[in-house]
Amino acid sequence: MSHKQFKSDGNIVTPYLLGLARSNPGLTVIKHDRVVFRTASAPNSGNPPKVSLVSGGGSGHEPTHAGFVGEGALDAIAAGAIFASPSTKQIYSAIKAVESPKGTLIIVKNYTGDIIHFGLAAERAKAAGMKVELVAVGDDVSVGKKKGSLVGRRGLGATVLVHKIAGAAASHGLELAEVAEVAQSVVDNSVTIAASLDHCTVPGHKPEAILGENEYEIGMGIHNESGTYKSSPLPSISELVSQMLPLLLDEDEDRSYVKFEPKEDVVLMVNNMGGMSNLELGYAAEVISEQLIDKYQIVPKRTITGAFITALNGPGFGITLMNASKAGGDILKYFDYPTTASGWNQMYHSAKDWEVLAKGQVPTAPSLKTLRNEKGSGVKADYDTFAKILLAGIAKINEVEPKVTWYDTIAGDGDCGTTLVSGGEALEEAIKNHTLRLEDAALGIEDIAYMVEDSMGGTSGGLYSIYLSALAQGVRDSGDKELTAETFKKASNVALDALYKYTRARPGYRTLIDALQPFVEALKAGKGPRAAAQAAYDGAEKTRKMDALVGRASYVAKEELRKLDSEGGLPDPGAVGLAALLDGFVTAAGY
């Protein structure tokens, strides 16, 4: 496959959303928040209320997610940067754009960053008085039940089926709990496996071939995660399918997620991961159907083929099977229900819809404004000292970014270092423009939390934002007159407890928690900031010998994580980045 790419200015997501709306009447774009919503679903549209469906996630999977906004499917989505979750603010903006008195169902793929951000947005919506349910999609079978017990199955092809079927259920007037039940039944009765000839090329990143010229990989994710195993030489499509179907259908105790019996109603989806020709994909679909019929006596009731949820230009395909009989009810009726979503096979637009675009402008809507807490905490801080400490931490991040990015290229999707740098650049700009309220300790930390959430995205952005928000609340609740080491120590412990409500990661799971908890515990034990920073560094170093249990690295083969044995093993990139940040803070503070 070609790894060449056209040059871009780095901002391709927002123009894509505008281009999609330009060719699909009835869609409105909130540019700043990268939200696309169905104009007819807005609260002021005058249309009868129905349960609204909100989804989203990282970009790079097109037509998912924005391509499934339409009548009979999703009502709104929030788009993150490539392979990075949208922020909580973006998601909340999408929820507000289609707020309904009948409630909102949030559909999210089962990835750590997505779960954190969409979960936090759901909680904020509930706190604001909205009725909200959340369904997490996990249909991957490449990771067995034992290894995936903590993180669950990755969300892959079934995400599209949930969008379509739950959207139709909502259009039929079902209540929120009923629509959520339909969505969950699709998740519970779907399985997916994918295979590829290589990893995809991420715009703006240096292309690199991960697999050898004669290698292929089974179990590939949609974020460039390594698969379950690699093999060579290259097989025929028929040989490859014969290796993939047993992972979906064999009754192995560790991998048998859904039972399929002859004569049951089964939906087959053959998904192009972005780089296969339509000719090859159609051929693969026929081979899959033949083997299902001949080897397993399964005759698909519905078959759909195309690019539904991609990994940019990934040269591979995925097989998704849904047991519609076990899912029950009107699943096939909802599957067949027409939709205007461009990512589906069936589209319909009225002349009235097209009139909106006849004026030459894409409908846009104003961004939802961030509501900052204006109530001071009374905990004073020295502005210049606070800014100096922040800038020192940012400088440390810039220093270690190349190494962190390299580590994450092996263990994840390669964005950890650049994500941290993005957060640092936003804070540097804010300090330069004096927009951070650093003279008030709690307000300053709250401002930092908002900036981190907006600028970083991804899993780390969500974790940092949650921790900082709770840290600010801990400072506010301290009742102290000024920010001291003792104030920070107590608030840090409160913040860690709050963070644990939103992540399953704990020490030993090979995440940034392996650096954060030792730092907090050292402070709590009275060892002082310098000893705490050293504890964070030591914790990050210990991850070199750990197996990942949560996050994207948990899906990567162990041999990939052992590529740096000469250094003592591959450390967790997030832990390394956090340890460097804390070292910069502590050094600038004079410890």
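In case you wondered, yes, glycine gets a Cβ from its N, Cα and C as well.
The following features are taken from Swiss-Prot:
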type	residues	note
ACT_SITE	HIS223	active site, tele-hemiaminal-histidine intermediate
BINDING	GLY58, SER59, GLY60, HIS61, LYS109, ASP114	substrate binding site
BINDING	ASP413, GLY414, ASP415, CYS416, THR459, SER460, THR511, LEU512, ASP572, PRO573, GLY574	ATP binding site
DOMAIN	8-344	domain 'DhaK'
DOMAIN	384-587	domain 'DhaL'
REGION	40-59	region 'Disordered'
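In the structure shown, the C-beta of GLY574 has more C-beta neighbours within 10 angstroms than that of any other entry among the binding-site residues GLY58, GLY60, GLY574. Rounded to the nearest whole angstrom, the C-alpha distance between THR511 (ATP binding site) and ASP114 (substrate binding site) is 16.
DSSP states for the region 'Disordered' (40-59), grouped as helix (H, G, I), strand (E, B) and coil, give 2 helix, 8 strand, 10 coil. For ASP572 (ATP binding site), the count of additional Cβ atoms within 10 Å of its Cβ stands at 32 [all protein chains shown]. Shown are the binding-site residues SER59, THR459; the one with the most C-beta atoms within 10 angstroms of its own C-beta is THR459. Using a 10 Å radius centred on the Cβ of ASP114 (substrate binding site) and all shown protein chains, the other Cβ atoms total 26.
The Cβ of LYS109 (substrate binding site) has 28 neighbouring Cβ atoms from other residues within 10 Å, across all protein chains displayed.
Under DSSP, ASP415 (ATP binding site) is assigned to coil, being neither helix nor strand in the three-state scheme. In sequence order, GLY56, GLY57, THR64, HIS65, GLY80, ILE82, PHE83, ALA84, SER85, ILE222, HIS223 are the same-chain residues whose CB sits within 8 A of the CB centroid of GLY58, SER59, GLY60, HIS61, LYS109, ASP114, the residues recorded for substrate being left out.
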